[in-house]
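Chemist: Quick one: the structure is below, and I'll ask about it shortly.
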Amino acid sequence: MAQKAVEKSEEEWKKVLTPEQYHVLRQKGTERPFSGNLYYNKEKGVYTCAACGQELFSSDTKFESGTGWPSFYDVISSDRVRLKEDTSYFMNRIEVVCSRCGSHLGHVFEDGPAPTGKRYCINSVSLNFKTEEEGKQGEERM
C-alpha cells in the first residue's frame, strides 16, 4: 500500500534535494545516460524515491537494458507509481511519477523482458537504494 502523501512547496523541495535531484524530480529533467551511480548497482535490495523514501522497485526486477539508465520490468506494487501521458519534445511517452510525492522518476516503455514486457527507465538520481540488510534492520526497529 502506498504511504501517506508528501506535499511540500517548491521552496521546501529545493532545500531538501540537491540541484540535480530537484531538476530531475521536480522539473522533469533527465540525467545523462550512464552517469548515475545506481545504473551499475548489482546489490540485492530495494530502490526508493529519492524525494520521499517510498519503496518503488526491487533489485529482483532490475535488468540490463543498455540504455544508460536503471531499468526494471515491474514496480513493487502498482499503487507506488502513477503513469501519465507525456507529449513533451514532440514524443509520445508514458511518464512514471511517485504516487506519494508526485516526483518525476522516468518513463515506461513496452519493450521490456518477460514477464511484463515493460521497461521502467528510471533516472538514477530519482532513486535511493536500501540493501536487503538495511531493509531487515528497518523492520527490526518497528
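Any Cβ shown, glycine's included, is placed from N, Cα and C.
Straight from Swiss-Prot, here's the annotation block:
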ACT_SITE  C121  active site, nucleophile
BINDING   C49, C52, C98, C101  Zn(2+) binding site
DOMAIN    10-132  domain 'MsrB'
Chemist: Would you kindly give the Cα-Cα distance separating the residue listed as 'active site, nucleophile' and C49 (Zn(2+) binding site), rounded to the nearest Å?
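Modeler: So the alpha carbons of C49 (Zn(2+) binding site) and the residue listed as 'active site, nucleophile' sit roughly 14 Å from each other.
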Chemist: Over the domain 'MsrB' (10-132), what is the model's mean pLDDT?
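Modeler: Looking only at the domain 'MsrB' (10-132), pLDDT averages out to 95.
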Chemist: Around the Zn(2+) site recorded as C49, C52, C98, C101, what other same-chain residues have a C-beta within 8 angstroms of the site's C-beta center?
Modeler: V6, L25, A50, A51, G53, Q54, S99, R100, G102, S103
Chemist: I need the nearest neighbour of C121 (active site, nucleophile) among the binding-site residues C52, C98, C101, using C-alpha distances.
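Modeler: So, spelling it out, the nearest of the binding-site residues is C98.
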Chemist: According to DSSP, collapsed to three classes, what secondary structure does the residue listed as 'active site, nucleophile' have?
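Modeler: Its secondary structure by DSSP: strand.
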Chemist: Can you count the other CB atoms that lie within 10 A of the CB of C121 (active site, nucleophile)?
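Modeler: A 10 Å sphere around the Cβ of C121 (active site, nucleophile) contains 23 other Cβ atoms.
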Chemist: Could you tell me which three-state DSSP class C52 (Zn(2+) binding site) falls into?
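Modeler: It is coil.
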